[in-house]
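Some features that TrEMBL has for this protein:
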DOMAIN    B:3-160  domain 'Aspartate/ornithine carbamoyltransferase carbamoyl-P binding'
BINDING   B:Ser47, B:Leu48, B:Arg49, B:Thr50, B:Trp75, B:Arg110, B:His147, B:Pro148, B:Leu149, B:Gln150, B:Cys269, B:Leu270, B:Arg297  carbamoyl phosphate binding site
BINDING   B:Glu142, B:His176, B:Lys236, B:Arg273  N(2)-succinyl-L-ornithine binding site
DOMAIN    B:184-305  domain 'Aspartate/ornithine carbamoyltransferase Asp/Orn-binding'
Amino acid sequence: MKNYTSINDIDNIKAWIEEAKALKQNPLKNVELGKHKTLGLLFFNSSLRTRLSTQKAALNLGMDPIVMNVSGDAWGIEFEDGTVMNGNTAEHIKEAAAVVSQYCDIIAVRAFPTLTDKVKDESEQVLKAFVKHASVPVVNMESATGHPLQALTDAITISEHTKKDKPKVVLSWAPHIKALPHAVGNSFVQAMQKMDVDFVIANPEGYNLSPEITKDTPIVHSQEEAFKDADFVYVKNWSSYNDYGKVLNTDPNWTITKEKLGDAKFMHCLPVRRNLIVEDAVLDSDNSLVIQQANNRTYAAQLVLKKILENG
Amino acid sequence: MKNYTSINDIDNIKAWIEEAKALKQNPLKNVELGKHKTLGLLFFNSSLRTRLSTQKAALNLGMDPIVMNVSGDAWGIEFEDGTVMNGNTAEHIKEAAAVVSQYCDIIAVRAFPTLTDKVKDESEQVLKAFVKHASVPVVNMESATGHPLQALTDAITISEHTKKDKPKVVLSWAPHIKALPHAVGNSFVQAMQKMDVDFVIANPEGYNLSPEITKDTPIVHSQEEAFKDADFVYVKNWSSYNDYGKVLNTDPNWTITKEKLGDAKFMHCLPVRRNLIVEDAVLDSDNSLVIQQANNRTYAAQLVLKKILENG
Amino acid sequence: MKNYTSINDIDNIKAWIEEAKALKQNPLKNVELGKHKTLGLLFFNSSLRTRLSTQKAALNLGMDPIVMNVSGDAWGIEFEDGTVMNGNTAEHIKEAAAVVSQYCDIIAVRAFPTLTDKVKDESEQVLKAFVKHASVPVVNMESATGHPLQALTDAITISEHTKKDKPKVVLSWAPHIKALPHAVGNSFVQAMQKMDVDFVIANPEGYNLSPEITKDTPIVHSQEEAFKDADFVYVKNWSSYNDYGKVLNTDPNWTITKEKLGDAKFMHCLPVRRNLIVEDAVLDSDNSLVIQQANNRTYAAQLVLKKILENG
């Protein structure tokens, strides 16, 4: 594996999960592997878990993490080809990516979507520009349309907590006041499609994710129907895909409650808005796996970095 | 010791001071103690000394420091319980603290007071929320009402520079144009109350610190009276406690001058506004200990981290 | 060498270049030299290459880099002597520099010019204040009037790529929409004056650099004339020096084209605005050395840090 940009870069999810679990048992086993190698973490957007867990993962491998807030610390970056750069951007991605590649052995990038320009977002302009112009491997720390480190984390967490060979997993939309990206939802769908699970998506009408992602995964417009006999309920808000980036619905009936959840485990990538997405009673119960998920972020990132280093 | 949140966490200040002095003689003695352990430094507010000295302290113990400006780098954090989070905050401290605990072996937090809401500030909402919801030890890098790393530093510095068994120490208010916190003053008072010193506070009327802090420490409203035969004059501005957070007085007669100071040593936690708090002639003289204090910040932090690591 | 503040700190540029090339062959040779030593990188302005390459250089020497955005992370710094600090600045450079010296073994500083106050800029207020008040060595990561790490990089790059004993090197101005500093141009001129090269400067009328810098280096107002038989064309915009900080000319006829360049190598310190400074065809051709220059930033910085550490 050269880059880790999407769930499709996982050749065998079952094997990856087992390897991540082994890393978790012995996080410092490969502490010599990344010695004197640097990981550049480039943030175009805010981050808490990704920022810390990816640094921790790098440290566990003996790497030196170098963090940069691209917008605040450096120069405005131009992504269009052929532009006369007489506006707000001061440096072209062609140079930026090639330059960072001189100092970092792996580049990890976070760049959220516009949510106003579907074509641009789906082109994954920023991530793909780094892949194209960097001379070193690139890791996706959440791009316009995917968050594969999160989805790998989620797959590990489900594998750790399932009591069945083939658990029922639901991805449920929940209400939010802001227009949020589809990235986490998309990658979770793709990960579940690779897993041996009984998988269904619940969202209001007008909120179906891209059909190129959901493919033949069943989509229902009723949480009640979807949650029946569920073992894991993975909750996330996203804005409309069809009416791109719009907030069409903030119906509190879609908020996750303890009653709705029943015995199912609750999952969320965080940050989560309490009592908007999910009521306190769920997050504060033993059925919530959100902290365990956050912990697994380290081992998902560490596995990805390890595979890249071993390939290098 | 699990957490270091206030001067009250120091069981024996004399022993701590001696241990810090020993560390200073041999800062790398415990460089294996923190190996492969991370210190998360979370800043809700600006910092220079604390930011650098705490990182240096961690490095001296072999730890990996991870710095985050919470406001700029991550998400707005909610501290109230039961809120419907449909406003500006995106993540609850319950999750944030628990999550950071997955990646950091110790969490250090800086969060200043509002200076508009006394009840909220005295509840130490942010610091206490971290202590409550983090699963790892928490260090106070200046909270709403205390700055115990600074006060430990100051105790070490006085111990190093005193020529008497029981020196006279004055805490003097000095004028400032902005409303400043009580944290440094509070913790210094508490530290001096534990030390074998002759201690008095000088401040204008209306500027007495909280009586819960000052207890039976004498307070006078005359620098002249207080500075008589003083060995150490510790200077700091704070806003009114009684008329909470207000600037009632910017009287330049309270500015510290070389003449007023006489042979006493001048101390200040920094940053200090020259010729407002204190005239140049004092800071530029050999009587000033401000740089020595700044240096001791490293060893105060290192001692605290060492004690926590040894307890872990 | 104590500090590295200008090209004049290089005693023998030929020897330095050879040493840097040797470091590049074996970057980890001195990885024990900086062990348990910290490099403080203080940024008053944006940075990409300098920020990353100087960290990488420090890591190659085993140092621990500590990065701080002075404006965002810490306090407003006062540089004037004798001021009554009742305005926006909260800490005087006298304290700030002395304090940072307690935590860092070397301090590296980036502070751009005002471009409105020539006298202030030429006094190098910020850099010189650090040199004066710091008790540890200071490295210039681009100051008001010089960028000697960049110029050392450029000298290394020319030395690596020249096919002649005495190549012809041109420094050419190119158009830009914003008022840019003279620092890169100045230091490049000074470096070339120390090298065994045939050196000429091309810029429009009104754009001559300071005569104190250019001395007897020939200046022509025609790219065509200057580029004739050139081996290296180093391109950079700067604002007028005479009509200080003004943009007098954005003539696109000064944009660098493939046709103008011919067989000469193209150099630029980056960031570069495509199709304003230089057309895509140049940057995307094999004649461009900009990425190789960026790579050499690491070894220029590493050489400087190594010399300081060895002297320490």
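Glycine too: its Cβ is placed from the backbone N, Cα and C atoms.
Taken as a whole, the domain 'Aspartate/ornithine carbamoyltransferase Asp/Orn-binding' (B:184-305) shows an average pLDDT of 98 in this prediction. A coil conformation is recorded for B:His147 (carbamoyl phosphate binding site) in the three-state DSSP classification, outside any helix or strand. Of all Cβ atoms in the shown protein chains, 23 besides its own fall within 10 Å of the Cβ of B:Lys236 (N(2)-succinyl-L-ornithine binding site). The two recorded residues B:Arg49 (carbamoyl phosphate binding site) and B:Arg273 (N(2)-succinyl-L-ornithine binding site) have their Cα atoms spaced 15 Å from each other. Classification of B:Lys236 (N(2)-succinyl-L-ornithine binding site) by DSSP places it within a strand. With an 8 Å limit on C-beta distances, the binding-site residues from B:Arg49, B:Trp75, B:His147, B:Leu149, B:His176, B:Arg297 that reach chain A are B:Trp75.
In terms of Cα spacing, the binding-site residues B:Glu142, B:His176, B:Lys236 that come within 10 Å of B:Cys269 (carbamoyl phosphate binding site) are B:Lys236. Those binding-site residues from the list B:Ser47, B:Arg49, B:Trp75, B:Glu142, B:Arg273 that have a Cβ under 8 Å from chain C Cβ atoms: B:Ser47, B:Arg49, B:Arg273. Spatially, by CA atoms, the binding-site residues B:Glu142, B:Lys236, B:Arg273 include one closest to B:Arg297 (carbamoyl phosphate binding site), and that is B:Glu142. Secondary structure of the domain 'Aspartate/ornithine carbamoyltransferase Asp/Orn-binding' (B:184-305) per DSSP, as helix, strand and coil residue counts: 47 helix, 19 strand, 56 coil. Under a cutoff of 8 A between CB atoms, and with a sequence separation of 6+ in the same chain, the neighbours of B:Glu142 (N(2)-succinyl-L-ornithine binding site) are B:Asn45, B:Ser47, B:Thr50, B:Arg110, B:Ala111, B:Phe112, B:Leu149, B:Gln150, B:Pro181, B:Ala183, B:Val184.
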